[in-house]
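Q: From TrEMBL, for reference:
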- Lys87: active site, proton acceptor (ACT_SITE)
- Ser36, Ala37, Ser38, Thr83, Asn108, Asp123, Tyr255, Gln283: shikimate binding site (BINDING)
- Glu99, Asn173, Arg174, Thr175, Val176, Glu177, Lys178, Ala253, Gly276: NADP(+) binding site (BINDING)
- 134-189: domain 'Quinate/shikimate 5-dehydrogenase/glutamyl-tRNA reductase' (DOMAIN)
- 276-303: domain 'SDH C-terminal' (DOMAIN)
Amino acid sequence: MKPVYTTTDLASRELLDQGASQPARLAVLGKPIKHSASPGMHQAALDHAGLDMRFIRLEVEPGEIKETLNKMQELGFVGCNITVPHKLEAIDACDQLTEDAQAIGAINTILFDNGSIIGHNTDAPGLARAIHEEFGVDLGDLRVMVLGTGGGAGRAIATQCARLGCDQIWLVNRTVEKAQSLAEELQNYYRQSDHLAGPGDALYAMTPDDPGIEEAAGHADLIINATPLGMQRMDPLPLSGSCIQPHHMVYDAIYTPPVTALLAAANAAGARGANGLSMLLHQGALAFDFWFPGQANTTVMKQGLTGQK
């Protein structure tokens, strides 16, 4: 068994399962992927449910997703999770998309079903559950600033905020055109709802160094980091620490390291903060239920994440 597998290991079932007591039937695909805590969580759920298979990390290069998924299907995989940087690319490899995946425009979960590749997204509802668990509030009741709306996770988070009717959403991205494009897509949620403000009063697109970013942040209740900034020790902050105030809730979707520079800045400002482990748990439980309806056990999965018994 290996801590990380590559597409070369998919050459045959014999090669893939060499030295293992159970067949690999589930995986998380990304690059890099060695940091992923998903295997511990899902393996605990598989063992608890009495499902004789194992969950692996699979490192996949950009541009190789479709070929990889086809090979996994040939080898009899049940499904997989998709993470950075493949959440947008993987859509094109799917034969079908669930309603959530269509609405969000990105996927993080795949089910192989009777020759079809079905794409789904559990990031969005997983985030809503995580916010309630960490801060005791409903995401839809908050004004939210989302950092990094150009990628799959950021799209999912921002879309969920709009679907739940958040009063105001600030979409922050280094390429402001991507944030503006997403804002235009999300306007329909406000036009179709009984939201008191029109879409022009609810959605804002800006860059992290916009002159008005500090004032905008001051109006937000919740700041969510959906960028990869914070995974490496020398990464810059995704948002200036001067923007964080004591009233803020700060949620960093990163969970390794457990305390990022952004969360340290939140603590220094007297704000409440939480890392992405709870989002990982809840999106994982929803994914497990997508593969095996009704069989996810969040208590067991949390123990698998934290190493508790």
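Backbone N, Cα and C atoms are what each Cβ position is placed from, and that goes for glycine too.
Structural setting of the listed features?
A: All chains included, 27 other C-beta atoms sit within 10 angstroms of the C-beta of Lys87 (active site, proton acceptor).
The Cβ neighbour count for Gln283 (shikimate binding site), using a 10 Å radius and every protein chain shown, is 26.
In the three-state DSSP assignment, the secondary structure recorded for Gly276 (NADP(+) binding site) is coil.
In the predicted model, residues of the domain 'Quinate/shikimate 5-dehydrogenase/glutamyl-tRNA reductase' (134-189) average a pLDDT of 96.
Beyond the domain 'SDH C-terminal' (276-303), the same-chain residues lying 6 or more positions past its ends with a Cβ under 8 Å from any Cβ of the stretch are 26, 37-38, 41-42, 44-45, 48-49, 51, 78-79, 81, 108-109, 111, 120, 122-123, 125-127, 129-130, 133-134, 251-255, 258, 309.
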Q: In the same chain, which residues outside the set Ser36, Ala37, Ser38, Thr83, Asn108, Asp123, Tyr255, Gln283 have their CB within 8 A of the centroid of the CB atoms that define the shikimate site?
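A: In sequence order, the nearby non-listed residues are Val28, Asn81, Met279, Leu280, Gly284.
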Q: Out of Lys87, Glu99, Lys178, give those recorded positions positioned within 10 angstroms of Asn108 (shikimate binding site), comparing C-alpha atoms, in sequence order.
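A: Cα within 10 Å of Asn108 (shikimate binding site): Lys87.
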Q: Compare the Cα of Val176 (NADP(+) binding site) against each of the binding-site residues Ser38, Asp123, Tyr255 and report the nearest.
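A: Result for Val176 (NADP(+) binding site): the nearest of the binding-site residues is Asp123.
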Q: At a 10 A cut-off on CB-CB distances, which of the binding-site residues Ser36, Ser38, Thr83, Asn108 has the highest count?
A: Asn108
